[in-house]
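Written out below as structure tokens is the structure these notes cover.
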Amino acid sequence: MKRTYLSLIAAGVMSLSVSAWSLDGVLVPESGILVSVGQDVDSVNDYASALGTIPAGVTNYVGIVNLDGLNSDADAGAGRNNIAELANAYPTSALVVGVSMNGEVDAVASGRYNANIDTLLNTLAGYDRPVYLRWAYEVDGPWNGHSPSGIVTSFQYVHDRIIALGHQAKISLVWQVASYCPTPGGQLDQWWPGSEYVDWVGLSYFAPQDCNWDRVNEAAQFARSKGKPLFLNESTPQRYQVADLTYSADPAKGTNRQSKTSQQLWDEWFAPYFQFMSDNSDIVKGFTYINADWDSQWRWAAPYNEGYWGDSRVQANALIKSNWQQEIAKGQYINHSETLFETLGYGSTGGGDNGGGDNGGTNPPEPCNEEFGYRYVSDSTIEVFHKNNGWSAEWNYVCLNGLCLQGEIKNGEYVKQFDAQLGSTYGIEFKVADGESQFITDKSVTFENKQCGSTGTPGGGDNGSGGDNGGDNGSGGDNGSGGGTDPSQCSADFGYNYRSDTEIEVFHKDLGWSASWNYICLDDYCVPGDKSGDSYNRSFNATLGSDYKITFKVEDSASQFITEKNITFVNTSCAQ
């Protein structure tokens, strides 16, 4: 349903008088600005790892014609899109999803892809978290080949399908303009579907200085005139190289690059960027920063056939990173927290890892003499590590209370930082591939203010108190169990049950293991299984008809039992 919040608008640029008005839309925070990052899976992961934080929002893309990027990898040279992977990696973050018309907006408007629209909406709603749907993003961008009639008709249809499918409290519809300087002003109305069909107005913020901020200011005023919140859906310091500290005024080929100091770069692009949000604080409620090495992605790389973009990674320069962390730590920004979904107006707060937003910068930790343990980063951040003992390591996971993320190799160690609470007890675990086998170790630790937490009790890595608080049953995690066929009634030892077209339950019968820990995995996304009757089971978001690898692993005294298989998700129970 629509939510209306009172806001204040300045009566003039220098005036102190104000008038009350309202912002109308779905999933609009009462106060604050949602911080999200994009725009490909690996760039999001690199940002989260480099800054030691869980983003409040994560951004990715899908094509409507083939739904490429929805449930598997799709890369058109601009980085990997895989919404399923991103949603599973960040179960307690909002999703910001751009939907490309693939140049066929009129065919979309004619109804040719209505089945795909339903699949898309049902899949996104199945993740049970706030979803900001950027339908036909950059509606007026000439490179997209959109028609005003196709935009208007398709927007109205998608809005009505969201309601018809019962997803109106989960999916917010964003109408995003390109804010492209070469585009003449005064043309936005022809693309507008109507206020009743739009929740947010979005814009792109790349090089607004090229036209004295005219296009972004026009978009902001348009949102204000419609009483809609404003989302900076795509923003990046175009033509700047953060790592190399250069700038080019040439948008086509990036020629004649000028050297910049890190402070100059910040002052020229980042400071005006945040000032734009401050100047429009009555309507700005969210932004997505594209944190990517554009030059490393072949679509954007030399010879720059689609323009020169640069390198926007904030972690590529110490001052830029520090300034960024200090800025978004301010009170007006909405970072990741256990109340994030509630803050965004979602129906429940969800579960999973309890973030506290950006943890700020830290000095590189000193290597420890012990093989496996933790080190204190801050009162709310723990770093779990294991020394690299030369495994083949096709994959590795570092875990805190069952939340397992891929570790980074730093200073001869696999490391990963997590949100944590000083004084709490946690289960930490490390697992890594080693040829045809794997190495797994875990212990229980109490998080204290010291660099190398060596005191730990061996045992189940998922038995601590804290960290992942009920992520299996919350709105941000996987879907829990319940309903459908009881796995104990199945003749198969290991398989899956159909729960719905978007939910699969993986199970394995209990064969009498000691089982101080167990994990059930879907495509290498591993979480502790629930013991129900004589079976271990776990539900995941999935898409009917798709292929998956399912895995079960369990501790058995001093050893472990592991089994896996490839399956196609069909509408059946007790599938082997």
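Positions of Cβ are set from backbone N, Cα and C atoms, glycine also.
The structure displayed is predicted, hence computed values, not measured ones.
Database features (Swiss-Prot):
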type	residues	note
ACT_SITE	GLU138	active site, proton donor
ACT_SITE	GLU234	active site, nucleophile
COMPBIAS	347-360	compositional bias 'Gly residues'
COMPBIAS	456-485	compositional bias 'Gly residues'
DISULFID	CYS368-CYS452	disulfide bond
DISULFID	CYS399-CYS404	disulfide bond
DISULFID	CYS490-CYS574	disulfide bond
DISULFID	CYS521-CYS526	disulfide bond
REGION	347-367	region 'Disordered'
REGION	363-453	region 'Carbohydrate binding module (CBM) 1'
REGION	450-486	region 'Disordered'
REGION	487-574	region 'Carbohydrate binding module (CBM) 2'
SIGNAL	1-22	signal peptide
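Here the features listed in Swiss-Prot are placed on the structure.
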| residue | record | DSSP (3 states) |
| --- | --- | --- |
| GLU138 | active site, proton donor | coil |
| GLU234 | active site, nucleophile | strand |
| CYS399 | disulfide bond | strand |
| CYS404 | disulfide bond | strand |
| CYS521 | disulfide bond | strand |
| CYS574 | disulfide bond | coil |
Inset, instruction - Report the mean pLDDT of the predicted model across the region 'Carbohydrate binding module (CBM) 1' (363-453), rounded to a whole number. - result: 81
Inset, instruction - Give the distance between the Cα atoms of CYS521 (disulfide bond) and the residue listed as 'active site, proton donor', rounded to the nearest whole Å. - result: 37
Legend entry - Fewest Cβ neighbours within 10 Å, where candidates are the disulfide-bonded residues CYS399, CYS404, CYS521, CYS574: CYS574
Legend entry - Separation of alpha carbons, the residue listed as 'active site, nucleophile' and the residue listed as 'active site, proton donor' (Å): 9
Inset, instruction - Report, in whole Å, the straight Cα-to-Cα distance of CYS574 (disulfide bond) from CYS404 (disulfide bond). - result: 27
Legend entry - Residues that sit under 8 angstroms from GLU234 (active site, nucleophile) by C-beta distance, when 6+ apart in the chain: GLY38, GLN39, TYR137, GLU138, GLN176, SER204, TYR205, PHE206, THR288, ILE290
Inset, instruction - Would you mind checking how many other C-beta atoms are within 10 angstroms of the C-beta on GLU138 (active site, proton donor)? - result: 22
